[in-house]
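Here is what Swiss-Prot records for this protein:
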| type | residues | note |
| --- | --- | --- |
| BINDING | S9, F10, H17, G93, L94, R95, E103, S128, R129, P130, I131, T132, A133, T134 | ATP binding site |
| BINDING | S9, K41, A78, R92 | substrate binding site |
| SITE | H17 | site 'Transition state stabilizer' |
Amino acid sequence: MTIAFYPGSFDPMTNGHLDVLVQALNVVPKVVVGIGIHPGKVPMFSFEERAELIATSLGEAVPLRAGDVSVIAFDGLAVDAARQHGATLLVRGLRDGSDLDYEMQLAGMNRQMAPDLQTVFLPAGTASRPITATLVRQIATMGGDVSAFVPPQVSRALKSRLKT
């Protein structure tokens, strides 16, 4: 069975992340979502909260495929985590040309470290191209409405987290 590994911080999960995840499920039977844990960063949501938001978002978007996704934490190289979970594909989403430039460099480095792991680029849908988790956090922190950019449960979690 082909397994894809989709790494990211997912802090929070956006509609763009969800779009890429659903696309990946249309290509492979199983996806492992790897939430990167970076010691130098303080996330808005804990690993457990992010994992739950991903699972809930996926369950609402594609309920029949939600069981084909597992969510794990990793704190090293994405290629190492992918291998540990039996993945042969590394999924990366692309929003625009600047993403492509960066992702091509990353794919080249990953290929050098893990020749057995193939990077697959999936384009973000038109509606989710301008969305970044960083912008979502900034807008939400300033009291803006992010409901157009994130799944409903993520929007609720942001409102709950940021209420004063």
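Placed from the backbone N, Cα and C atoms, the Cβ positions cover glycine too.
Values in this document were obtained by computation on a predicted structure and should not be read as measured data.
Restricting the binding-site residues S9, E103, R129, I131, A133 to those with a CA within 10 Å of the CA of R92 (substrate binding site) leaves E103, listed by sequence position.
L94 (ATP binding site) carries a strand DSSP state (E or B). Cα of L94 (ATP binding site) to Cα of A78 (substrate binding site): a distance of 17 Å. For K41 (substrate binding site), the same-chain residues lying six or more positions away in sequence with a CB closer than 8 A to its CB are S9. Geometry remark: A78 (substrate binding site) versus A133 (ATP binding site), CA distance 19 Å.
Most Cβ neighbours within 10 Å among the binding-site residues H17, R92: this distinction goes to H17. With respect to Cβ neighbours within 10 Å, the binding-site residues A78, L94, I131, A133 differ, and L94 shows the lowest count. E103 (ATP binding site) falls within a helical segment according to DSSP.
The maximal spread of the ATP binding site, taken as the longest Cα to Cα distance among S9, F10, H17, G93, L94, R95, E103, S128, R129, P130, I131, T132, A133, T134, is 18 Å. Cβ contacts within 10 Å of E103 (ATP binding site), excluding its own Cβ and spanning all protein chains shown: 17. When the binding-site residues S9, R129 are scored by other C-beta atoms within 10 Å, S9 scores highest.
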